[in-house]
Structures are given as C-alpha cells and as structure tokens.
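Q: Pasting in a structure now, in structure tokens, and then I'll have a few things to ask.
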C-alpha cells in the first residue's frame, strides 16, 4: 500500500492483540494481511518493520504461488479427436512449461513465473532475493541478441524484405526507420507526417499505411506514390502476386488498387464494403482475401467478383491478426483465444480448435494481439503470439504445447521473422528486440 513510515508506525501501535503470521512476524489482530506491493516489485526498504506481508521471508507463500502461471490456463487437457475429422492433432499433447518457471535463486526459493519489470528496466535492487524472473525469455532455445533503440512511440509494424540486408520499422511517432542488419545501427529516418499503422513489403516494393493514404516506395527506382481514398487510419495491407494492393481502413472499407506496368503507378480498382468496424488485419490466400475487424468477424472475399463469400463468427472481441498454416486459417483476438479454422464437409470454413479450450471458466483472459509463424532450430513449426500482458508465448504446432515466453516492458504489437533464425518484436515503448533461435546459422548479412 502507498503509506509512508510515519503513519505505518502509528497504525501498528493500535494493534493490541498480536497474531503470528507463521514465519515469526507478529502483527496486530486488525492488520490487513495484504502482500506488500513494494516487496513484490523488489523495492521495499522496511524489511521486518513493514506492516504488509513479505511472503518469501516469512514462509507465507500461498498467494505468490497462485501467481506462478501468471493467470494462464494450461494446455494439458486432451481433445476428443472424434469431434472433428480435420483436427490434425490440435492440442493433443500436454502443454510444456517452457523452462524457467521452476528457476530458483541461491536461497532455494522458487521464483514467480512473472518477469521482474524493474530488472527489465535495469534497476531491480533485490538481486537474487527477487521473487520475479530476471530473464528476457524462458524459452531454452531462444536468446535475445540486441535491442534497437530510436523510436519514441509504439512500434506498429516491422518488415524485412526478402533478400534485403535492411530492416524497416514503422511507429506511432510518425516515422519509418531503416536499420542496417549488419551493424544494428539506424541507417535513416523518414518522417511520414502521420502514424504508421502498417508496413508491407513485396518484391521491389514497400507499402506504408498512414492516416487517409497509402504510400508506395519503389525500392529499385526510389519512386514514391501517395494513394488517396482511405478514410481514417490504414491499419492493414495485403498484396497479391499479380499486383493487387489492398488496404484496410478505419471506416471498415477495404480499398483495392492495381499496378499499371505502363504508367508504373497503382490505380484505383475496387472497394469492398461489409465490415461495420475498422479493418485491423488482412491476409491474401489464393484468390481470396481474408479480413478481420473490430466488429469481431472475419470475412472472406472473392477477388474476382468482389463478393463476400463467407463471414466467420465466433470471436467475442476484436479480431487482431490472421495467419495461414498449411490448410488452416488461424485467428487471434482480444478475447484471449486463438481459433483454428478448416474447411468442413460443406466446403465452408469452420472452427476446428480453440486455444485455450472453453472450460466454462469465467476468469478474464489476456488479449491476443499479434501472431507470426516460424520454424525452430530443428525445423519444427512454432507459433508466436503476443498478449497484452507484455508476454510473447511460443507454442508448438499443432499441439499448442507452450515451450517458453519472451518478455517485454510493454505490450508487443509487431512481430516479424527474419533469415537465419532471427525474430523481431516491437513494443509500445518504441523498442525493437532482436531474438535468435540458438543452433541456427546466421545468414550472411543477417545480423
């Protein structure tokens, strides 16, 4: 509690009947048995004189132990494989802990599974006595290589064009930064004049989503074009192999442009309407465009006709991201779930698995913000999902067994995969962290 030492002493004098907490500390009968917030953060200086509980030092560990999984549900429940013929083993293996949750200090006291925010800031004064993790990750085969510092506000998007030696980051500080992957230094800063809501690279191109426009950069000729038409912030971009560019906007409309090779410019082609809220994410697969929105739905669009083929409903909050893995569509939402969709016997997409499974529990879940897929050092598929508790969780596919966590001081809104086992995460403070799967040979020029 926020009390200074003076009032605390006065308060203690009022206790007339002492009660022992179990570890030798004596408090009054009316004492509130709350855990000291400053002790939890590793910065209480009162020691035994503190009126609030220090569980690690008095043997009262029940409440701390209840925080060990950080409020997450486990993935150890088996799935009835007869419920669907296309589950492909989703969630059929018990969840792994992802090393680090049983880490102890030199006094043999187990640490809480939650990372120490003060350690992440570089100023935890508890050292080995801190009950929280002093680590950037609990994944045994992922290491943090460096941090890219320069943006002043939240990172919204990260792009590393295929075959390039430069990394592009877009931020709400209204700039795009270009990073040299060999040196890790910022090579240039481009002021965009508005929040960067999305970045997308395609062979020879970089696209930037801004308020009321999309900027296109021709990486070969350095030519730029401003595409007008969007109303409000552009949150998502997608591009097809035949030169169609799509932008999801604040008013729920999806705008389409087609590249004209004669003029070397993108020209307006179509507008897709149907969502009742801002379009947050876009994904292009085959001849179909998939869109997720704040209206909690996913729409599937036929590009040839511009018609909506199907509306997927099931999420109870904003659909934040979409991802394709093999024949499955994955979606994550602020409702805290990841849904796996597959084609049913009627030829329609239907939910085949939800993580975590609905167990009838009413406790709130951490919202899922962003996803990316990659292969680990052994070539096994792994799904990375960032949540609004500032943690990126790593899941084996298709089992959804958790294999570790990546920690950040703020929530991660941007994830990207690079060559040579590299991973990039961008948080709300403007910091980009560079991670690497251990045992993977770095690609030349890949950092």
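Keep in mind that glycine also has a Cβ here, set from the backbone N, Cα and C atoms.
Pulled the feature table from TrEMBL, pasting it below:
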COMPBIAS  67-84  compositional bias 'Polar residues'
COMPBIAS  91-102  compositional bias 'Gly residues'
DOMAIN    30-57  domain 'C3H1-type'
DOMAIN    110-137  domain 'C3H1-type'
REGION    1-29  region 'Disordered'
REGION    63-108  region 'Disordered'
REPEAT    148-189  repeat 'WD'
REPEAT    272-311  repeat 'WD'
REPEAT    312-351  repeat 'WD'
ZN_FING   30-57  zinc finger
ZN_FING   110-137  zinc finger
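Just tell me what is around each of these and how deep it sits.
A: Mapped onto DSSP classes, the repeat 'WD' (148-189) shows 0 helix, 22 strand, 20 coil.
Taken residue by residue, the repeat 'WD' (272-311) breaks down under DSSP into 0 helix, 23 strand, 17 coil.
Each residue in the repeat 'WD' (312-351) has a pLDDT score, and their mean in this model is 96.
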Q: Looking only at residues six or more beyond either end of the repeat 'WD' (272-311), which have a C-beta under 8 A from one in the stretch?
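A: Distant Cβ neighbours of the repeat 'WD' (272-311) are 232-233, 235-240, 244, 246-256, 317-324, 329, 331, 333, 348-349.
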